[in-house]
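Worksheet: the structure to be examined is printed underneath.
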Amino acid sequence: MSKKQRLTTAVLCALAWIVVDQLTKAVFKQVLAPGDVKSFLAGSLVVLPIYNHGAFLSLGAQMSDATRNMVFIYGVLALLVGLFVWLFRSPRLGRTEVLAIASILGGGLSNLFDRCVYGGLVFDFLNMGIGQLRTGVFNVADVGIMLGVAMLFFAGMKRKPTLPGSASV
């Protein structure tokens, strides 16, 4: 892919994740009152509003506000900038890697937006599972991040290593 194709694809994909995440958050903030719990698909999908201080599964929620902001605002911003630079400067990235990085960027930027607007909090509202086996509460941005990470992992598994000094195809 050319640099222009990579950037166009990435921007469109990231924007799609941001728009869908922010729209679903806006809808569920309007539909659900604090403490509301709605169950669908025989309890396999539960919708409940939670403002999360931490990251996935409330990781880091017990940190001080200053430390949490340093990690989840400035640290995440640095990571997202690094991913964008990788995307911008890596001509060998295929479509799968570009979409993966863009999914991480879109999800990360959308949750970062929440943290900046809502005093370090992220709005989560989805929970899935069967019986007692359940996920943590998450949002659409988290799906984008996890999907992007999984795509990068599997794309890396498919890629053949090149030896130093050998010509790559």
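Every residue, even glycine, has its Cβ placed from backbone N, Cα and C.
Record features (TrEMBL):
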type	residues	note
ACT_SITE	Asp124	active site
ACT_SITE	Asp142	active site
TRANSMEM	42-59	transmembrane segment
TRANSMEM	71-88	transmembrane segment
TRANSMEM	136-155	transmembrane segment
Rounded Cα-Cα span from Asp124 (active site) to Asp142 (active site), Å: 9
Cβ contacts of Asp124 (active site) (under 8 Å, same chain, 6 or more positions away): Ile50, Tyr51, Asn52, Val137, Phe138, Asn139, Asp142
DSSP three-state assignment (helix, strand or coil) for Asp142 (active site): helix
